[in-house]
Amino acid sequence: MEGLSLLQLPRDKFRKSSFFVWVIILFQKAFSMPLGVVTNSTLEVTEIDQLVCKDHLASTDQLKSVGLNLEGSGVSTDIPSATKRWGFRSGVPPQVVSYEAGEWAENCYNLEIKKPDGSECLPPPPDGVRGFPRCRYVHKAQGTGPCPGDYAFHKDGAFFLYDRLASTVIYRGVNFAEGVIAFLILAKPKETFLQSPPIREAANYTENTSSYYATSYLEYEIENFGAQHSTTLFKINNNTFVLLDRPHTPQFLFQLNDTIQLHQQLSNTTGKLIWTLDANINADIGEWAFWENKKNLSEQLRGEELSFETLSLNETEDDDATSSRTTKGRISDRATRKYSDLVPKDSPGMVSLHVPEGETTLPSQNSTEGRRVDVNTQETITETTATIIGTNGNNMQISTIGTGLSSSQILSSSPTMAPSPETQTSTTYTPKLPVMTTEESTTPPRNSPGSTTEAPTLTTPENITTAVKTVWPQESTSNGLITSTVTGILGSLGLRKRSRRQVNTRATGKCNPNLHYWTAQEQHNAAGIAWIPYFGPGAEGIYTEGLMHNQNALVCGLRQLANETTQALQLFLRATTELRTYTILNRKAIDFLLRRWGGTCRILGPDCCIEPHDWTKNITDKINQIIHDFIDNPLPNQDNDDNWWTGWRQWIPAGIGITGIIIAIIALLCVCKLLC
């Protein structure tokens, strides 16, 4: 006990020492953070590192890798366009590199392609390779192709991004995104007495559940995959398809799927039914998800009438006396008028359909708000004018032509359509087409004042299978990638949409910046009135109060000018920070690409050492000083209550005092008179 008592400090000294130690620890934690910190799922940057003009890194610990998706550069993401960027080669071994942080992908792909002999075209994923887990749309394609090579590579030299692994080849049955690997060079941490805690290794999941969104699957069938001319079919169900021959978005495919299933334009036999789209049908429908460099508004087309028409029937009999039928149909437009408008970014996720019997509304079960996808595909075919659906939440009118009879009437009137055990597999097939008029509906819009009836709600029939699947985060079995949106990855570098600074209400409360300049005549009048007895001091007060109003107006104007200047400086600081950040990222990417030749400086020499200086702290200090001097200080009361009483209020205390003295003298005289 005696030994322990020797180590104890007095209470007051212990408090001072502990307070000093805590201050040092907090200061160390606040100011010793490196440039980039990979925590959980977001690459957060706390300071900008100075550009190092060297042909090699001082330490590999300074290098952090980030996976960036190609769709952020505006490449086409639909299946027909994406497959043209992939090709097969032989004799080149695959390469796999790891990365630590990445973006959320808008479009991912999943391929299962077979050769004509039934063998697999793509290799299975090696151990440890998991699918890219953060995809809004997964385009799952199956089919056949020649596959002239051992592996499928990217023709542009990009990577195929998986879960924290980037490979040069495509693996079978695994979700992947197209992208590149960029490298950030972080500041080397300083060695101090009290070291900050080590950076936590990036976890393979995202703790922030609010950043989740559902993953939707779209299924395709591809013929002649990997060749110059291939055919891509969007799968509605096992026997109903849509030929994709033009730019399209996932939102368009969702709406087309809902429309076909609502009107039961499905194959009711074992044969295939392939719908084609007219040349002028607008398949570029929907909004971009989060890429700010892409369009955020799209045309809205209202009042369309769609028609489903059977074109041809092909029958081929095989050795087993069974026939394989492929029926082709065309989706065309019979609208007489077209209206274009701009759609807000947050449109409701549903497709409204007008039919002659009344308004019906079909919820789009697999679409979410704010979807945006890049599009680009092959050449267009067919010949009739058409325009498909508007964007989410828009109305369209649908009518069908072709047979002129319902399916029940066709079956009852045509003996060839009557099913029998002997002829069921060889009968001529006509798709089931409901009869609707082609006249324009006169039903007022649902939200218009003239609408008197409530629109019934129709849902997709339960017995209809759909190729559009939605997987929610809690149902997913794969672990997450250290991913985030574009604003999450480089947010603190200046790329995130920051909320605007709240303007101090005290600075703009009742502040009037309008100045009143006193003229020479007003000054002479005030000076002349000042010589009048008993009235002069009041006139001087009026003149002085006018000067004070002018002074307050000057202060108010300066405060507003300081506020606007501060906002302009903040925008300028953000722009320069973004530009400097992009410069550093591009420089590091160039150094990585030229590393085999010694780096950029080895090639350019001294010209490469152009350092983009970081003046962030200097500008921030000036902004804070302006805010402290002009904006955060409270304003005096600026009530505009000028009246005849203004200017005389300062004489009230003096008048009260004089009146009190006079009353005291009178009272004293009265007392003396009474006593005498």
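Each position is counted from 1, following the chain as shown.
In case you wondered, yes, glycine gets a Cβ from its N, Cα and C as well.
As annotated in Swiss-Prot, CYS135 shares a disulfide bond with CYS108, one of the listed residues CYS53, CYS108, CYS121. The stretch that Swiss-Prot tags with region 'Fusion peptide', taken from the ranges 524-539, 540-555, 588-603, is 524-539. Of the listed cysteines (CYS53, CYS147), only CYS147 is recorded by Swiss-Prot as the disulfide partner of CYS121. Long-range contacts of the topological domain 'Cytoplasmic' (672-676) within the same chain, counting only residues at least 6 positions beyond its ends with a Cβ under 8 Å from a Cβ of the stretch, are absent. Here the Cβ of ASN618 (N-linked glycosylation site) has 11 other Cβ atoms within 10 Å, regardless of which shown protein chain they belong to. It is ASN563 that, of the glycosylation sites ASN238, ASN268, ASN563, has its Cβ surrounded by the most other Cβ atoms within 10 Å. For the recorded positions ASN257, CYS670, CYS672, the greatest number of Cβ atoms within 10 Å around a candidate Cβ is found at ASN257.
Taking only the Cα positions, the spacing between CYS672 (S-palmitoyl cysteine) and ASN257 (N-linked glycosylation site) is 111 angstrom. Per DSSP, the secondary structure of the topological domain 'Cytoplasmic' (672-676) breaks down as 4 helix, 0 strand, 1 coil. Across the structure, ASN563 (N-linked glycosylation site) and ASN618 (N-linked glycosylation site) are spaced 18 Å apart at their Cα atoms. When the recorded positions ASN257, ASN268, ASN618, CYS670 are compared by Cα distance to ASN238 (N-linked glycosylation site), the shortest distance belongs to ASN268.
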